[in-house]
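Notes follow the structure.
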Amino acid sequence: MYPCTLLMVLLCLAIMTHGHIQIHGTGMRRNRRDSPHPPSPIYDSFYVPKKGWDETKPGTVLASRNIQAGFTKTQKINLDGAYQLLYRTSGVDDKSPSYSVTTVLVPKNARPNKLVLIMAYEDSNFVECAPSYKIQLGAPLETNPIQTVEELMWTSVLNDGWTVTIPDHQGPLSAFSSSFIHGHASLDAIRATLNFEQLKLDPKSAVVGMGYSGGAIAGGWAASLLGSYATELNVVGWSIGGTPSNVTGTFYGLDGSLFSGFSVAGVAGIVDSYPEVNDYVGSVITPAGNAALQFTREHCMGDIVVGLQNVNLTGKDFVKNEKNFLTDKRIAPILDHLTMGTDSKLTPKVPVYMYHALHDEVIPFDRANQTANAWCKGGANLLFQEYTGIEMGHVSTEVLNTPFVLKFIRDRMSGREFLNGCQWKSDLNPLWRPDILGARLTEVFNSILNFFGTSVGRTDRIIQESIINHNFTSK
């Protein structure tokens, strides 16, 4: 069986079993004002800042509101409050004003001087796929099984008493893979959360950031930009896994594959955030290629993977004359600029925990390893955990390594020493020991395992059966 991973795209197993899945679109046809769901960001005035917003400082709270978070109801999490903040941030550079929304969840047992930045994977260019929308009670994606698994992991963080902030780190255009937008929006979400007076958080609160896969784009770039963009923040650690650190390498790695929709979405995100890229790509792309880009702007991840399989970015169906536009002099320098580790001045200044499966079939291991080496040469303090077992793929690494991510958060919050310099560790697979985290979290991990079955791996039939019995495309 072809290896299939990534929590959000396990639906590919069902595709192989049934031959096809009909796409249930998450696109514009859902954006009706009379919808029973919470209003789409397209129609929700909360997402639009008032005049003069661009004259404020990054991290300024422009608007706030209370919300109900759907998964906290199903997981029976006792929250003290759930808020959304519209805040000022920056775009592709710090001279380009932008804005975004972050969702703040405060558990009853919250500690006043601790904050966890959770960077969710979105991997789409459609605003209705942003965390701030799909988290809301009654949102179309709120009960999607794929969404549920990631939220089970967030539950672990909340159960530990950490206030969390979950930004729409792709910005108002949902510009997937536009690295600096991801990083700026993540750092400014921290600022906005600390600035939100109702929370009464200590401005010097210890902060740990965590992100996997598409969320690791945000995490890696937030770590890179912290030392130059948000020096006042007391970030004490970054956890990033399955990291797409090299945009170009990821595009090539996924090109023409079952997961090529991610490449198309990445191209769309860069096209939408860099006018010069938009102009050039617009001149060489075919109508079918343009339709593929537009598809990613109107659908969420599940539909993108199903609808855009085996797309070749340099093929005749996507680009005129089968031109490799990624190497063009008008685009290649920008893609290089968006690669983690190419600028030594952007080396992370606080501890970094990276983890990656050697046989990751979605995000290339070698590229993440290269970034780790570059950061270490720049003086980073970094632990790189490699999993070499053949059973370890993209999804199994995220799920099974969760206890060690949470242990990293705990250690950083408690002020434990981190290694001085860099270390590479290699194991077949994570040591599955929920007891590391305390008995009260066992139920959370059992919920994750029960969803997938007792084993999680590249040939797991139990996962396949779970997918077949659920609708893994968005509604």
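Quick reminder: no glycine exception, Cβ is built from N, Cα and C everywhere.
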Bonded to Cys300 via a disulfide in Swiss-Prot, from among Cys12, Cys129, Cys422, is Cys129
In chain order, residues whose C-beta lies under 8 angstroms from the C-beta of Asn246 (N-linked glycosylation site), counting only those at least six residues away in the same chain, are Thr339, Met340, Pro364, Arg367, Gln370, Thr371
His394 (active site) falls, by DSSP collapsed to helix, strand or coil, into helix
Checking the recorded positions Ser213, Asn312, Asn369 for other Cβ atoms within 10 Å of each Cβ, the smallest tally belongs to Asn312
Among Cys129, Asn312, Asp360, Asn369, i.e. the recorded positions, the one with its Cα nearest that of His394 (active site) is Asp360
